[in-house]
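Everything below concerns the one structure shown next.
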Amino acid sequence: MWRRTYLFLLLLRVYFALSPSYLHPDENFQGPEVFAGRIFSYPSSLPWEFTSDRPIRSVFPLWPTYEVPMSILKWFYTEIGSGNPPPQLVYYVLRGGMFLLSFVLEDWAVYELVPSPRHRRATVVLVASSYVTWTYQTHTFSNSLETLLVAWGLVLIRRIAENKKRSSFFSYAVLSFIAVAGVFNRITFPAFLLFPGLQLVPYFQRKPTSILALVGFGALFASIAIYTDTAFYRPSTSFIENIRNPIITPLNNILYNTDASNLAIHGLHPHHQHFLANLFQLLGPAYIAMIFSLFSWPIVPTWMRNARALSAVSATAILSIFPHQEPRFLIPCVPLLLSCMRMHRSRLFLATWILFNAAMGFLMGIYHQGGIVPAQLAMRGIVESNTLSQGVNSMPEASVFWWKTYSPPHWLLGADTNATHIDTFDLMGMPGLEMITALDKAVPRCATTSPVYLVAPTSASFLDDYISPSSLSEPHSPNLQLYRLWTHRKHLNLDDLDFGDDGVLNTLNRVVGRRGLGVWSVRRACT
């Protein structure tokens, strides 16, 4: 039974891995966007984390995850004489790679971490049934890599601590590499291994030379990581100069995030956000069951008496000190906490667990900003078809404005062809009138063909007055009209829930009932 269940959940994970939902801009702009421009000459827009005078993101952990598969694709297409691979192929290869990492490394680590052979299979199935495993873990997040590094860090700590005689230098080297890669990937990584790592203290007392081995390997890998980052950010600088003046991205990251004014730019949250809201969003009924167990006998619940729970709870407490708190920061906690639970035989729990993950899976895995990737992949074809339909044989430069969506990944446009050049403008969530003003400045006079396009949610009722044919009896100012060219229905814009103005039912009816992402040609309403 468990084999069939696990196989079904595995197929479900593949489905969500290849579904184009968009959970957060970081999954593109802090990963594929960084390398796509360098390797394929695709359009790319690096975020400030990579362009600052003191860059705070390391490319060391990104290199094997993104640059290597991209470089292999580049080499293959060069060998067969086809130029660059299409961006959709690159996109699905990277998603497929994240699925394989999740399937092999995450499931294997969970199996290793559960000491009881009787509970291992059920625990692996429980983790595999979480929507976080289907969605977040199959997206190109640094948090997804952190989950794997944390899990395998705990596996290595346990193996070394339980080896009463001695551990091989290979174990020390792997643990040192995991520690360095984890810190350079995300500075939150040490919070997950700080207290579980204390298990190694008795071992270090018996084998003092093991400390030297760990420190030695750690220094080696850290030096490689620092030089990799320095060479990436200063490609024209000499080897000697890079060594003399290195760029240490984790240090820059710590200095940035310990400044409260910097965190305020990204949004401040109450310190209890992680414990009261974020863990519930990730775990649902499993978290409720854990909370209820705290009020029953024994005082310390069974699920808390292991290193996995210690890692998850202590890390959540440490991360709660910082006022910027997002659910994805706690993704590594999900397999750790679920691996502590024994499968409930309660039908109520199983029913709520299935319903919760099914609902969140389809929301986050399919509909959440789900039209952005398909729209960007189709954009060149949309522009070319619309230009030809207006009787223009030569392809002008197109200006595409994105409104009320996550930032579109520029690299998904693919390389600019000789015929079409596309400029992308991210208007984010600016007020509607300001958006119209920006379009008005870009749209040419009536005598010429308009190369301006708008991408926006179809749930944005502000656009209704501008969509041709307009319902207004008199022309409005500015006299712009929107002609819909393309629509993707599997798109929900949860950032447009304006309950204060429209009320709960009207807002849900608009956002859900009119779900979708549209591409419009913006033209002047000339008479």
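Glycine too: its Cβ is placed from the backbone N, Cα and C atoms.
Here the structure is a predicted model, which means the values were calculated and not measured.
For the ranges 109-128, 209-228, the feature annotated in TrEMBL as transmembrane segment maps to 209-228.
Sequence-distant contacts of the transmembrane segment (275-297), counting only residues of its own chain at least 6 positions beyond either end whose CB sits under 8 Å from a CB of the stretch, comprise 130, 132, 303, 316, 320, 325-327, 329-331, 333-334, 337-338, 341, 344, 349, 352-353, 356-357, 360. Below 8 angstroms of C-beta separation, residues 58, 60-61, 142-143, 145-146, 149-150, 152-153, 156-157, 159-160, 210, 213-214, 217-218, 220-222, 225, 229, 249-250, 253-254, 257, 315, 319, 329 of the same chain, each at least six residues beyond the ends of the transmembrane segment (169-189), sit close to that stretch.
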